[in-house]
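Notes to accompany the following structure.
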Amino acid sequence: MKLVLAIVVILMLLSLSTGAEMSDNHASRSATALRDRLLSPKASICYGTGGRCTKDKHCCGWLCCGGPSVGCVVSVAPCK
């Protein structure tokens with residue numbers, strides 16, 4: 001959670017440093033969209049290795065769900 005907040009603060013500072021006159025610029029819009037997506041209540045949280053899961057989408061990156069008793073695991077093959 002602290003990492004997400006740090007990223008949001010950095011993005012906000014970067015958007016402020018570009019100046020208000022450039023607010024229609026693509027980078028500024030991207031930073032705003034990312035900030036909104038990260039802070040929205042719909043932002044999903046993924047779990048790392050061993051994290052509790054019931055579906056592959058609950059696991060971060062290339063991790064797959066091995067079931068509630070196993071948790072998120074590294075997989076060489078794509079998740080099902």
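Placed from the backbone N, Cα and C atoms, the Cβ positions cover glycine too.
Between Cys65 and the candidates Cys53, Cys60, Swiss-Prot records a disulfide bond only with Cys53. Of the listed cysteines (Cys46, Cys59), only Cys59 is recorded by Swiss-Prot as the disulfide partner of Cys72. A distance of 8 Å separates the Cα atom of Cys60 (disulfide bond) from that of Cys72 (disulfide bond). The Cβ of Cys46 (disulfide bond) lies under 8 Å from the Cβ of Lys57, His58, Cys59, Cys60, Gly61, Leu63, each of which sits 6+ residues away along the same chain. Neighbour count (other Cβ atoms within 10 Å of the Cβ, all protein chains): 18 for Cys64 (disulfide bond). Within the set of disulfide-bonded residues Cys64, Cys72, Cys79, the entry lying nearest in space to Cys53 (disulfide bond) is Cys72 (CA atoms).
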